[in-house]
Amino acid sequence: MRIQQATIYGFGKWIDVAIDFSSSDFLCMYGGNESGKTTIQQFIAFMLFGMPPKKRAYYRPKTSGKMGGRLTMYDPDIGEFVIQRFDEIENGSAICYTTDGNSYDERWLQEQLKGMSQATYQSIFSFSAVDLLGIRKMREDELDDVLLGIGLTGSSKIHTVEKRLDAITGELFKPYGKKPKINQQLASLDQLFTSLSEYRKTEAAYKTRKNEALGLSDEIRQSQAELENLKYAAYRIEKKQQALPIFIKYQHEYEQLAEYPEKIPFPEKGIERLEKLNEQLLPLKSELNVLQDNAETYLKKREAIRQEMPQDSVFQEAEDIMKQKQVYLENEKSLKNCQESVRKMELQINTELKQLNSGITTEDLGTIDLSFHVEKTWQQLKNDQEQLTLTCNHLEEEQQQLIRKRDYLKKQKYALSASLLEESEKNRLAEQISSNRHQEYMEQNSIYQAGELNKVKRQTNSRLKLWLFGSASTALFLIVIALVQGYNLFYGLAGVALTIGIVQWLTGNQYVQNIEDMMSKSPVTSIESSINDRLEAERKISENDDRKRELSSIDDQLRNNEIERLKCEEKQHSLQVRHNRLNEQINFQYEQHPFLRQIDIAFWPDFFHSLKYVLNLNRDKVEKEKQMDILLEENSQFTERVNAFFHDMKWESSNKSMEAKLSSIARLLEDYRNGMTAITQFNNRYDDNAMHRRHMKQKMQPYEQEINNLFHAAGTGTEEAFLQQGKRLEEKEKLLAGITERREQLLQILQKEEYNMILSGGYISENELNAEYERTATDISRLEQEIERKRQRRADLDADLSQMELSESYSDTLHRFTIEKEQLNKMAEEWAVFKAAKEILAETKRHYRDNYLSDVLERTSRYFHVLTGEAYTDIYPPEDSLPFRVLAHDGIRYQVDELSQGTVDQLYVSLRLGISEVMSEKHRLPFIIDDAFVHFDTKRTKRILRLLSDISVNQQIILFTCKQEIRETSANFTLIEPAKTVSVP
């Protein structure tokens, strides 16, 4: 899968630009710092995998409202397709368009990417100088694990995860550690368990003291109960001493009560009732006298007014006239208003007719009738004419555009037809592409076989050296033995051993010479020229196919153009029919309303409203004139009635106006009404006065009856005797109230049995009560001292028990032990989870190693061999206790931590290229490199560029760099500079 073109409508600093990636499979995008290279990488990632909303907001342009773009891709299975994403469309989801015109969603794109995520893509198909910087910061003992992780997954993050899991499990538990959390928790539980054992030993002594304390508590409770009884007895004696003076007063009041008769007849609260009745009766008597005087005055004044009033018939006639006065005045006012309105209407009608300038006169207004549908008809005719004119203009403009478009398409078709390739030239280019691809395959196979032969040659030379050195050493050893021991047999054996070594060395040299002959016969030629020829041929064929597709598209557009022109002709005929029908409707309106001939149809709706307004004015004027005739008739009848009234009253009316006549009648009515009002007032006052007098007598009657009842109840006839009887009753009631009060006081102080005993005469003297109180106080003091002694002993026992309980230390320790044990269980569960994660990660590494590592290392060895200038020939993965090793050209193996930093960088790049090539067989995605060679010297940079050029035959490679050195070495790739990108129109 290759990127053909990126069209950026808005992303970061890039707005409306297009970048072409189709010119080559190995592209180098050059630009200085802050030139936007990283933004382009993020745009490609956004197009392929999308971005979350916050990250999209970060890349939203500051000077544009658009955020998104299009990415044109090519896949050998489905051909060319376009990925389109916009931030504001479906929350940044992808819409994919294929060449057959179909569109697909985000799920289809994920299927084409075979489930590849952005994180996986960046770990396999992308790396930068930041990754190399991380390798440089690794310790020697960590470098081997990081390189193995890269070989397995294409990312160094697997080592970071492993180290993090080791750190977490180490922080939780170590078999012989003290600082980890679980180890500290176990030590704490041991201490708590020891404390619990010591607390249990003191339990026996604790129970003995506890039982003694409980016995003392029972004795204290019994003594306290006895003490309470004694205190209560002392309290009752104090109450009896308090009640004795009250009882003496009770006896004295009881003796005084015996001097009064058993029953004194007198009404309840008689004196107060009598005083209250007299107070209420006195104002009533005074008010009754005043009412009688007022009644005589009202009768005299009423008779004097009645003699001065006129007859009722005269008043009735005058009142009828005054009722019609307001109607008369309103009629006069309405007449003036009507006359003014008619004058204004006539003036306004004449003004409006002059402005209309349609030949209509005032007399014609009565004959013109504008029904409700006339306005709609005129408005519709106006709209139809305007719409018809607008449609004709638009149709004419559309025909001109179709003609211009047809001429342009014919010119374009002629130019494309002339630029098409001949069929013979097309076949020649196809054959050339096929031949070049076969030649490239043969050249690559020859290079691989030469490498294998060279590897066999080195191994054979090493083996021959070992045989020669071994045989010589054996012969020398045997000769030394022969010289020391004096056995001639060892001389023969030394000659045989030396002969075998020489024979092996000669045979091996012949074999090596044969290998060198084979290598010299193998043709080693550069494939660069064949690749350029093939790419040029493919480009020409692709351009020819594009021209054919454009020709087909132009033919379709010409056919559509012809169809549109035919449709325009049909529309023009239809418009002519509509125009004729409109003229017929306009002529019909001319016949109905001849005055319309002087007015353009565009002004008919406005003319309708103006004419309608004039007709309404004329109708209102006629109504006003009819109203004036009615008002004049009504006022004439009223004037005749007023004159007749003046004649009957024999008043002078010849020189008076109507207003003066009505004023005289009004004064007559006012005098009559005032007299009648005064008579009515006096009648009402007299009736109210009589009612008040009756009511006053009724109010006095109950008071007088109540006073008589009081005298009868007391058995007296006068008020003086009644008051003396009331005084004796009051004195007796005071004595009874005092006796009752003393009894209540005694009940509050004494109990019921004591109260009954003292009233029956069985009370104790004051001296006896004092002696009994002294004896009880002595018993109370003795018992309190005994209770205090027992409490002190109980306090001593409680102190001992408290010390044994250690302020509930045992229960607290047991509670802490339980909590700490639960905490230990939680930590153990957490440790088990991380331990399982570490084992799963190790199992996953073993699985990847078994499936992919051998293939990745084979390709990595080939790339490492090229990058190091054939200084190293092979790479060996970690096994048993051995770390990563590399084999030098002289047969010596080196561990990773023994290599220079530059060689480690080359090994890292080789691993990344190896894993990318292995995974590209499935995913076929472009390989993106961001300035990963900043630490390479010139020689190493040229090697990696040649290697990337070879890899780009099967996989598209995009290199982002700011190094001028790489830019100048542009023979191996196509250079793209973002600053010179094409703007999107």
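Every residue gets a Cβ built from N, Cα and C, even glycine.
Per TrEMBL, the features are:
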COILED    274-308  coiled coil
COILED    335-412  coiled coil
COILED    614-641  coiled coil
COILED    729-807  coiled coil
DOMAIN    1-198  domain 'YhaN AAA'
TRANSMEM  466-484  transmembrane segment
TRANSMEM  490-512  transmembrane segment
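It is 335-412 that, among the stretches 274-308, 335-412, 729-807, forms the most Cβ pairs under 8 Å with the coiled coil (614-641). Sequence-remote contacts of a segment are chain residues at least 6 beyond its ends whose Cβ falls under 8 Å from one of its Cβ atoms, and for the transmembrane segment (466-484) they are 490-491, 493-495, 497-498, 500-502, 504-505, 508. Sequence-distant contacts of the coiled coil (274-308), counting only residues of its own chain at least 6 positions beyond either end whose CB sits under 8 Å from a CB of the stretch, comprise 675, 678-679, 682-683, 685-686, 689-690, 692-693, 696-697, 699-700, 703-704, 706-707, 710, 719, 722-723. Here the coiled coil (335-412) returns a mean pLDDT of 81 for the predicted model.
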